[in-house]
Amino acid sequence: MTTLTVGEAVHYSAQLQLPDSMSNQEKKERADFTIREMGLQDAINTRIGGWGVKGISGGQKRRVSICIEILTRPRLLFLDEPTSGLDSAASYYVMKRIATFDKRDDVRRTIIASIHQPSTEVFQLFDNLCLLSSGRTVYFGPASAASAFFASNGFPCPSLMNPSDHMLKTINKDFEQDTELGGKDTIHTEEVIEILVNSYKSSEMNREVEKEVAELIEKDTSSTNKKRKHAGFISQCFSLTKRSSVNMYRDLGYYWLRLAIYVALAISLATIFYDLGTSHRSIQDRGSFLMFVSSFITFMTIGGFPSFVEDMKVFERERLNGHYSVTAYVIGNTFSSIPFLLLVSLIPGSIAYYLPGLQKGFEHFVYFICCLFSCLMLVESLMMIVASIVPNFLMGIITGAGIQGMMILSGGFFRLPSDLPKPFWKYPMFYFAFHRYAYQGLFKNEFEGLRFASDNVEGGSYVTGEEILTNTWQVNMSYSKWVDLGILLGMIFLYRVLFLVNIKTTEKLKPIIVSFLSSRTSTKRTTSIMQNPNATPLQEVQVT
């Protein structure tokens, strides 16, 4: 999260990942030690940085990511380009610490890393090396023997040249270069790769690997699959709530900018609808006022969508790495947002409520604020669902705005309930749209108990609020306004459950879809792998 400092990012991650058997002090000490290992002690109080805040450099961000992954001292660690964005000195010290990671605590570990352009010093830290060209194994064996393998096939590494640069240059066919054999003789890269692949296939190293793989297949590895211990569910919820609250407080775009806009709109509403009175014309004015509050003010909650998307990116990365459960994330996000939404409801609501001369009485005011809060939280929940499905700023905002627009149209204000077309708009949209319950609840809260001047000179001198609710707004009077508020609160719970179900479903379906698409698409990638076969049981290496 860009709003957190380096220390906070690692400390919160320690609270989430490390088991409850460790005390908070032990978790803090582990986090501080890991930060020092990656050379980040000078940046511990600097924010990660993002929009509006410069923060730490790209290389430091990469080291923070490594800190978070090695907190739990995993037995099997995958690192994708851990030296990207680092200078040569930082690359060496980071890789040196990673390479010695398997020698700590008398626990055998395997570290697997893909790495681009390693320096000679960094390359010498690797125990084993795997070179791939378009998915074909060119070499897999001790890193120290790789140069000799290339030389034995007629492709020796020139003096004063980095061996890793020579190897990657030799097997890289993206630029269709030719390899010099000596003198003026050259050979095409495709032929070079074919020679090396065939040489490796017939080598003793390949036979030994195939033999070990065959032995592993026959072994029972169920005893080695130990479940990783995490913090308990309550601890995860507490830490996620606290971390999310800090993020929401510091991110200006999450709530503070919206609060400023809402205050400006509340002042505009209060002045435009100032002192409505109880004339017959004020009936329409009060309805328009309440409709604007429950529709267009809450509509602007989509302004927080970019922050929702950034939250989802962090969640997806941490969830894939198994840091916490989906349920804990949804609970933490929900509880952390409640105080801010109450603040956003209370301040603008107070400004907009009293100046127009709405119903006096504390109960009416509390109901108005609760209804506004419910609408804001419902729209935020809806946008969270959209963010989990459409992780694109522009497309997500358009999608969320379109859904809300349809709900507002079918809520029963622009077209009265009896005038709505029955297919789709009356059944089911009128009952699905939360605006219907917001309109009716606010109308009951405002009109019940009031009397307005009648436009019928021959009739009575006034018309009651109950008559207006029934005849003018077609409000269902068979239940009280508190039932409408209860339905809104129930819909908040339903939307959050839908958010949870959607994340879980996406989590299960995404690997299947990706696997299907990858089976139909060939990809090119050159990868270097570091592992320590003398330290880790080969049953774990089979995961690669």
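Placed from the backbone N, Cα and C atoms, the Cβ positions cover glycine too.
Annotated domain 'ABC transporter' per TrEMBL: 21-84, in sequence order. The domain 'ABC-2 type transporter transmembrane' annotation in TrEMBL covers 236-447. Sequence annotations record features per position, and here TrEMBL assigns transmembrane segment to 255-277, 289-309, 329-353, 365-387, 393-416, 482-501.
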Proximity of the transmembrane segment (365-387) to the transmembrane segment (482-501), 3+ C-beta pairs under 8 angstroms: yes
Contact set, same chain, for the transmembrane segment (482-501): CB under 8 Å, 6 or more residues outside the stretch: 326-327, 330, 334, 367, 370-371, 374-375, 377-378, 381-382, 384-385, 388, 434, 437-438, 440-441, 444
Tally of DSSP helical, extended and coil residues in the domain 'ABC transporter' (21-84): 30 helix, 8 strand, 26 coil
PLDDT averaged over every residue in the domain 'ABC transporter' (21-84): 88
